[in-house]
Protein chains: 2
Amino acid sequence: MRVSPGGRPATGYDIVLQAGVLRETAAFLTDRLPDCRAAVVVTDGNLRDLAAPLTDALRGVGVASALHVVEPGEKSKSLESLHGIYGTLLDLKADRRACVIAVGGGVVGDLAGFAAASYMRGVSLIQVPTSLLAMVDSSVGGKTGVNLPRGKNLVGAFHQPAGVLVDPDVLRTLPDREYHGGLAEVVKYGVISDAAFFGWLEENAGAILDRDPAVLVPLIARCCELKAAVVAADEFETTGVRATLNYGHTFAHAFENLAGYGVLSHGEAVSVGMTCAARLAVSRGMIPPDVLTRQTALLERFRLPIELPAAVEAPPDAVLAAMRSDKKNVAGALRLVLPVRLGEVRVFADVPEEQVTAALTP
Amino acid sequence: MRVSPGGRPATGYDIVLQAGVLRETAAFLTDRLPDCRAAVVVTDGNLRDLAAPLTDALRGVGVASALHVVEPGEKSKSLESLHGIYGTLLDLKADRRACVIAVGGGVVGDLAGFAAASYMRGVSLIQVPTSLLAMVDSSVGGKTGVNLPRGKNLVGAFHQPAGVLVDPDVLRTLPDREYHGGLAEVVKYGVISDAAFFGWLEENAGAILDRDPAVLVPLIARCCELKAAVVAADEFETTGVRATLNYGHTFAHAFENLAGYGVLSHGEAVSVGMTCAARLAVSRGMIPPDVLTRQTALLERFRLPIELPAAVEAPPDAVLAAMRSDKKNVAGALRLVLPVRLGEVRVFADVPEEQVTAALTP
């Protein structure tokens, strides 16, 4: 599958989706980046055994390499972790032809991606996403970045990878909660841009929950296609097209903020956020209640929450305040992505705040 | 003057070269960035009085603004300083339409430029260079970055400004040593790409030393044109064209390293480096000795050194080792930019190291 950000074929790259492709990483690198002589493999402590063999394989093809392991979890997306990766690159005497290989979920991909974007003003990046969320979402599209103590993803760059290697085999060992969280973004693609895909998800929900390779490959491929099409239309998030990917996310970011990171997974927050967004669209008469009903049924089938856990304190005013500080907003106006039918969303900047708070509860 | 990096008109920007234009910064911003509602003016302690009035002017046109002052000097080009600028942007609740305005020399421009490149994955940047070096070199071309403890400019991005405002009036108060240092890069443009300009510099050397506005404006304009043409041909330093700007610099970076930063100004190091490079070209029979003689005479006229001060210990082996670690090298081979005639240079990767060390001394 070929991705051309902003429609520029010169910066295009391949997504290779194939069982076992993780073990082909070194061959992919020498094929696509023949001048590369040094590569740092970034991963987290949970994935060390998966990632470690890559450094041997790289040395086998004449590429100096090192494994850089960060702590699992969001707190590794920091300027300090970034500094650590720069150090490993310098230890390898990595020059501008070097490559960073991110083996992990969204945290590792975002962190390693920004290291690649900024080391010597940009070196190559290969993404090897290991979580469903990273496969269908964060590894495609070129967004990279780290958090600051004052907020998430406040520092970063758009940096397209030289390639994305998706190995569905690695999903076998993904913890259930992470796998289900990834399905929230999968459901999102159906609602925002492909009603037929949404129907396919409903029909195959059982096999999807069973992680049947026969459904996983077409599932991931379709999500990557849908995301790549959006990215091609709006690489730098300037035309508004890319904003459609944010369906449910303005609510979700507020929920994650209020819950404290880690209490609610990103996918769980998105699931609740999409429920609020669809409910809001129903209340405004933009979609029939049936769309909300089908979305809710599918999310629940995928073991995802459709309301906040009782332990999360989220009074409407606090949710609104957190939503207002979302960085997707422009000049302080709340921008919401809402469905206008199953398979299509639009961005609205004129929703009265009372309607937003009313949509927080059934 | 219009600059189109990589020949892409969509990302082009204006260089406005005009006495007094510094005071027009707020008007320029509202004209070019009508959606901008927040701007941080970054400057250093020496330039506070020059930069401070801009924040009032910005508030006068409805743009929330703050002055962010860093310590003068190279040590401010750090990840820590960057973090400080992010903090000021967050204090202003700066969103993606925000702008960073860099008022200063190369250090402020590189630091503020990288803050703009990375805050929320990229906000707008206006460069207001106040040193001759920044006017003719670092403010044009989109290079931004900071140092790491282990080396200069190891982290950064290519980020083109929304505009560059060059006010020759501010050169009146520039310290002599800094002004002369800037002239080293001016001489460089003549040698690498414009023999007629080199002749013009020789003819007008007296007026140039006197900082006569009648010669400063055409001087800065020609340097910016020459640099912009190189950047247009090779925005991301991938084709080798941009490498020609590095004439004298592989030597210079080694000298700066060995001397310890601050002992030798960048311009002084470049002056000695160009002398070594031209001497090397003469010794290889690539140019007649006359080119070296004229270059040396002009550099000395501009009060620039053509050999290292006695206090700097730079044994040939140490110079070579430092040159080998230059990040412009590819896979460890020394790449040198050498003149083939006055007004033209080429990149050579096959110069024997004995010839390089022989060229270090007359």
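A Cβ is built for glycine as well, from the same backbone N, Cα and C atoms used for every other residue.
Database features, via TrEMBL:
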type    : residues                                                               : note
BINDING : A:G106, A:V107, A:V108, A:G109, A:D110, A:T130, A:S131, A:K143, A:K152 : NAD(+) binding site
BINDING : A:E185, A:H249, A:H266                                                 : Zn(2+) binding site
DOMAIN  : A:69-179                                                               : domain '3-dehydroquinate synthase N-terminal'
DOMAIN  : A:182-329                                                              : domain '3-dehydroquinate synthase C-terminal'
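Here the features listed in TrEMBL are painted onto the structure.
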{"residue": "A:G106", "record": "NAD(+) binding site", "Cβ neighbours (10 Å)": "21"}
{"residue": "A:V108", "record": "NAD(+) binding site", "Cβ neighbours (10 Å)": "30"}
{"residue": "A:D110", "record": "NAD(+) binding site", "Cβ neighbours (10 Å)": "26"}
{"residue": "A:S131", "record": "NAD(+) binding site", "Cβ neighbours (10 Å)": "26"}
{"residue": "A:K152", "record": "NAD(+) binding site", "Cβ neighbours (10 Å)": "17"}
{"residue": "A:E185", "record": "Zn(2+) binding site", "Cβ neighbours (10 Å)": "26"}
{"residue": "A:H249", "record": "Zn(2+) binding site", "Cβ neighbours (10 Å)": "23"}
{"residue": "A:H266", "record": "Zn(2+) binding site", "Cβ neighbours (10 Å)": "25"}
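For the recorded site, A:K152 (NAD(+) binding site), the DSSP three-state label reads strand.
For the domain '3-dehydroquinate synthase C-terminal' (A:182-329), the number of residues in each DSSP class (helix H, G, I; strand E, B; coil) is 103 helix, 2 strand, 43 coil. Reduced to three states, the DSSP call for A:S131 (NAD(+) binding site) is coil. Note: the Cα of A:V108 (NAD(+) binding site) and the Cα of A:H266 (Zn(2+) binding site) are spaced 15 Å from each other.
Nearest neighbour of A:G106 (NAD(+) binding site) by Cα distance, taken over the binding-site residues A:E185, A:H249, A:H266: A:H266.
As a whole number, the greatest separation of Cα atoms within the NAD(+)-binding residue list A:G106, A:V107, A:V108, A:G109, A:D110, A:T130, A:S131, A:K143, A:K152 is 21 Å. Among the binding-site residues A:D110, A:S131, A:K152, the residue whose Cα lies closest in space to that of A:H249 (Zn(2+) binding site) is A:K152. Note on the domain '3-dehydroquinate synthase C-terminal' (A:182-329): its mean pLDDT in the predicted model is 93. Here the CA atom of A:E185 (Zn(2+) binding site) lies 12 Å from the CA atom of A:S131 (NAD(+) binding site).
With helix defined as DSSP H, G or I and strand as E or B, the domain '3-dehydroquinate synthase N-terminal' (A:69-179) counts 46 helix, 33 strand, 32 coil. Summary of the Zn(2+) site environment: with the site residues A:E185, A:H249, A:H266 set aside, the chain residues having Cβ atoms within 8 Å of the Cβ mean position are A:L133, A:D137, A:A184, A:K188, A:G248, A:A252, A:G267, A:A269, A:V270, A:G273. A straight line from the CA of A:D110 (NAD(+) binding site) to the CA of A:E185 (Zn(2+) binding site) spans 17 Å. Recorded residues A:K152 (NAD(+) binding site) and A:H266 (Zn(2+) binding site) have their alpha carbons 12 Å apart, per Cα-Cα distance.
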